[in-house]
Amino acid sequence: MDTPDYKRVVLKLSGEALAGNDGFGINPSVVNLISAQIKEVVELGVEVAIVVGGGNIWRGKLGSEMGMDRAAADQMGMLATIMNSLSLQDSLENIGVATRVQTSIDMRQIAEPYIRRKAIRHLEKGRVVIFAGGTGNPYFSTDTAAALRAAEIEADVILMAKNNVDGVYNADPKLDENAKKYEELSYLDVIKEGLEVMDTTASSLSMDNDIPLIVFSFTEQGNNIKRVILGEKIGTTVRGKK
């Protein structure tokens with residue numbers, strides 16, 4: 001049996017990832033593909049927590065640019081992440097993966113409230129835990145939510161599965177054919193060079209808590225989530241303090 005390099009991981013999925021080529025909304029076939037890959041990882045004995053974005057439905061920053069109150073726009077974005085999380089939970093449970101959604105905003109008729117000790121207990125029992133609603137506060141991204149939850153549950157690594165991007169580049173590879181892909185760099189490099197990996201708040205939080213980040217594409221052939229967990233060098237690794 002393959003031996004994973006990590007025992008407990010936080011998987012960060014963008015909202016756009018759930019939309020697939022549709023660009024908007026939730027594409028059930030894409031969600032099912034992601035769920036099947038996650039199931040393979042769970043079967044390795046890895047404890048999997050997930051943070052999903054909401055950009056396939058709504059972006060708070062866009063609402064703010066349209067003249068909305070930023071806090072209200074961000075709250076709409078939090079609700080979008082909860083919709084995505086419920087979709088992913090349903091897909092996972094349909095293939096036999098026990099899953100719990102925990103929300104940063106109290107809505108007990110729909111999901112559990114986020115309780116750190118309870119989340120860890122779920123993970124220890126082999127359940128997937130999806131952290132929904134971001135941090136529960138406006139002005140904070142779901143990347144920051146992933147960094148925060150990873151620190152709280154003492155995750156070994158944050159896995160950032162990107163849609164059609166296979167790592168971190170010094171320029172947009174879709175626009176610049178000479179863009180250079182990084183194999184490895186530090187959070188300080190990310191912050192100093194303004195690389196579009198995580199926002200500064202998320203990068204600083206991950207750096208301070210020495211949580212490595214691996215950025216990769218899950219749209220390539222095969223299960224890249226599993227490949228990363230088994231130690232295969234794909235994508236870009238962002239180091240913590242070490």
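Using N, Cα and C of the backbone, Cβ positions are placed for all residues, glycine too.
Source: prediction; values computed, not measured.
Among Asp69, Asp74, Asp166, only Asp74 appears in Swiss-Prot as part of the UMP site alongside Gly54, Thr135, Gly136, Asn137, Pro138, Tyr139, Phe140, Ser141, Thr142. Going through Asn27, Asn32, Asn163 against Swiss-Prot, the one listed in the ATP site together with Lys12, Leu13, Ser14, Gly15, Gly55, Arg59, Tyr169, Asp172 turns out to be Asn163. Record note: among 20-25, 122-127, 218-223, 20-25 is the stretch given as region 'Involved in allosteric activation by GTP' by Swiss-Prot. For the binding-site residues Lys12, Ser14, Asn163, Asp172, a Cα to Cα distance of within 10 angstroms from Gly54 (UMP binding site) holds for Ser14. The Cβ of Ser141 (UMP binding site) lies under 8 Å from the Cβ of Gly134, Met198, Asp199, Thr201, Ala202, each of these being in the same chain and 6 or more residues away along the sequence. Considering only the binding-site residues Thr135, Asn163, the Cβ with the fewest other Cβ atoms within 10 Å is that of Asn163.
For the pair formed by Thr135 (UMP binding site) and Gly55 (ATP binding site), distance between Cα atoms is given as 15 Å, rounded to the nearest Å. The Cβ of Gly55 (ATP binding site) has 22 neighbouring Cβ atoms from other residues within 10 Å, across all protein chains displayed. Between the CA atoms of Asn137 (UMP binding site) and Gly55 (ATP binding site) there is a gap of 17 Å.
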